[in-house]
Amino acid sequence: MPPFPSSLHIFHPSLNHYLKPNFFSLSYFSISAPKFPLSSQLIPFNPRTLSSVATALSPSENGSGGGGERSAALAGPPVLENSVQKIDVNPPKGTRDFPPEEMRLRSWLFHNFREVSRLFGFEEVDYPVLESEALFIRKAGEEIRDQLYCFEDRGNRRVALRPELTPSLARLVIQKGKSLSLPLKWFAIGQCWRYERMTRGRRREHYQWNMDIIGVPEVTAEAELISSIVTFFKQIGISASDVGFKVNSRKVLQEILRSYSLSENLFAKVCVIIDKIEKIPIDEIKKELNSVGMPQEGVNKLLEVLSIKSLSELEEILGGAGEAIADLKQLFSLAEKFGYSEWIQFDASVVRGLAYYTGIVFEGFDRAGKLRAICGGGRYDRLLSTFGGDDLPACGFGFGDAVIIELLKEKGILPELIPQVENIVCALDHDLQGAAATVATMLREKGQSVDLVLESKPLKWVFKRAARINAQRLILVGNTEWKKGMVSVKILSSGEQSEIKIDELE
């Protein structure tokens, strides 16, 4: 080993090894190899790397001469006594753990999402949680753009945790192209991420149920989607007196913009501004509309229309010949046929905050007014072309997992979901643990759930555990019974107890 230049001492006397200030060479680690630089193995400088390498080269651990009897692997960071730090055991702000009781509730909710989707003939899909950032960057000023969890990966690609599912759906449809048979009826349940201000029912991560129909231009598609949500509400005990749907069409705004000869390019921006109407003062809404080029007369007219809650009143202002009125009339007619007319109402202020909607839009709301929107959706016929694909008629909705749970709590109808196991199996003697495992395996192969007691425990403990997991039967494996090829079975609900042959256990 060459002598160590004193000018290259590093940080601490015990770490004075021959390392260049910015890089070091692994050639010094080679086994009986000539000591010449290996530029392809130079490692960038950082203090943690240096401390790890210095530890690996320490004479006290690697031999006095570092002579080549050790491999070239780098040691891990040195472990210092008393260096263990307590971590914050809470999940990151805005996120959640799902311990068993919460997981049971989530599973119950997802089961109902899936069951309703099945009833309506939809197929389940999913997409990566991590997507290209470009998929979610649009130019309409949506707040979602500022809420992305985004970063540059190690391949210098801009990526983001998905804040919603619809752009991923569009990407997949474009990818599959003409191999798809239309119409598509797809649903997904996926985790979404948004860095936003947290309120009741709003977190920085949530799960969302989406149902989408691709390839149907008729309003029947929107009517079907709203029907599926109504079916879900009924299935979990929510009625029309608890929840309603506000319905509108973005074509109403288009007609107003046309009447003032305003550019169609303003449409998406105006929609994003109007979506804030219940979140910021009306004067701020007016200022923002002026700032995108809308004249004051147009702003006043728009705000007048947005206050309308009656379809007939809207028809008086816009006339009955426009597409917006025709679409909305058809939707309300279909609602009667589907049997949910009491659930929906017209509200011209509903536009939804995402720029890609083009026609009918709707929101599910809590009639008591205590919660934010429960769900929302609409038509997005021109989304695919924004990603370079050929547009297809499409509509869908998103339904988050957080607000609906708050609503169930508010109504006092949150289901009480308790763990339930069919059998608990316990060996009465340590030597019979293998026999108990045999019994458990046999029952599991017959499709029965079994909690096997894995260590020697007193019967008092076993009975307490059986009660906690709501076991239906207790199966005891004792010496006397086992020698006869039998086990003792106790029905816990009735207390009835009997001995049963092992091969007759069902």
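Each residue, glycine too, has its Cβ placed from N, Cα and C.
Pulled from TrEMBL:
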- 56-75: region 'Disordered' (REGION)
- 94-419: domain 'Aminoacyl-transfer RNA synthetases class-II family profile' (DOMAIN)
- Glu164, Leu165, Thr166, Arg194, Gln208, Asp212, Arg352, Tyr356, Tyr357: L-histidine binding site (BINDING)
Entry from the binding-site residues list Glu164, Gln208, Tyr357 having the most other CB atoms no farther than 10 A: Tyr357
L-histidine site span - longest C-alpha distance across Glu164, Leu165, Thr166, Arg194, Gln208, Asp212, Arg352, Tyr356, Tyr357, in Å: 21
Cβ neighbour count (within 10 Å, all chains shown) around Thr166 (L-histidine binding site): 24
For Arg352 (L-histidine binding site): intrachain residues, at least 6 apart, with Cβ closer than 8 Å: Cys271, Asp275, Val361, Glu363, Gly376, Gly377, Gly378
Mean of the pLDDT scores, which run from 0 to 100, over the domain 'Aminoacyl-transfer RNA synthetases class-II family profile' (94-419): 90
